[in-house]
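TrEMBL has this to say about the protein:
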TRANSMEM  21-42  transmembrane segment
TRANSMEM  48-67  transmembrane segment
TRANSMEM  74-92  transmembrane segment
TRANSMEM  112-132  transmembrane segment
TRANSMEM  139-158  transmembrane segment
TRANSMEM  178-198  transmembrane segment
TRANSMEM  210-230  transmembrane segment
TRANSMEM  236-258  transmembrane segment
Amino acid sequence: KCAHLRLAYQTDPKPYYTSKLWWCGIILLGLGEVGNFTAYGFAPAALVAPLGCVSVIGSAFISGLFLKETMRAADILGGTLAVIGTYLLVTFTPNVPQEITAKKVQNYLVSWPFVIYAIIEIITFCILLYFYKRKAVKHIVVLLMLVALLASLTVIAAKAVAGMITHSVKGKMQLAYPVFYIMCILMAATCAFQVKFLNQAMELYETTAVVPINFVFSTTSAIVSGVIFYQEFQSAALLSVFMFLFGCLLSFLGVFLITRNRIKEHLQIPYIDCGNIPGQKLTGKIQPDSHHLCYGTLNNEDDIGKPQN
């Protein structure tokens, strides 16, 4: 976000991927995802995904510190609810030991629940992609829904790859199966397209809006994919399911409180910089007056909208 802000205020903006600061952010994001990926090898997806709530709270405070975005009482309340919700999620998620082998992954891929889920997801993704490409719809919900649909496949693939690597390290080699490399390709491809859509959302909207909404959508997709593909709630007690859903509700309420009444940030400077003009002692900025057919120089911020003859 910092890189996008800096580029937007340049007179000759360059593509964001030429910015060293942007690449630093991507590298840090990648390091965080390495830790996230490792966790999928040892715990259920429904347990790992909600822990992303830490990034929601952290981003709200960091954006206020570095990006000078406003920190409100609603942000603090939302962060508190999100933490409580995350605690309930972690406490009541069924933590049944599950060994992920190549043969199990193959069986999961051809199971009817996953086949139906995959068809619905592909149709939904194509509809959203149509509006994104053909209708040029860049709404934050459309962008982050695309990210979430891709994230559900990323979670499935990441857990499969991490699980098979963990199983191989224990002495039972799983890396000779083709499904391992299929899952690696699926994980890399979906991650790459997630970066594309997430980056555009970060460019158009405030960080404190993008991160929480992305948390809600991606967490939901991760939980659903874990439940359907890996059957993580198959033997869960009714009370555990209820408390888990209650934790989801608190977390989602918290993140929506953080994003409530956020306005879209205007990145472009509304003035024209004229540089140093010989003999001009007032200012180097002019602005078209919206109510008159004339232009005027601005003495200071109080004179905005008052043309000088």
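From the backbone N, Cα and C atoms, a Cβ is placed for every residue, glycine too.
Counted over residue pairs separated by six or more positions, the transmembrane segment (139-158) shares at least 3 Cβ pairs under 8 angstroms with the transmembrane segment (210-230), which defines the two as touching. Here the transmembrane segment (210-230) has Cβ contacts under 8 Å with residues 44-46, 48-50, 52-53, 55-56, 59-60, 78, 98, 100, 108, 113-114, 117, 140-141, 144-145, 147-149, 151-153, 155-156, 159, 198, 201-202, 248, 251-252, 255-256, 258-259 of the same chain, all six or more residues outside its ends.
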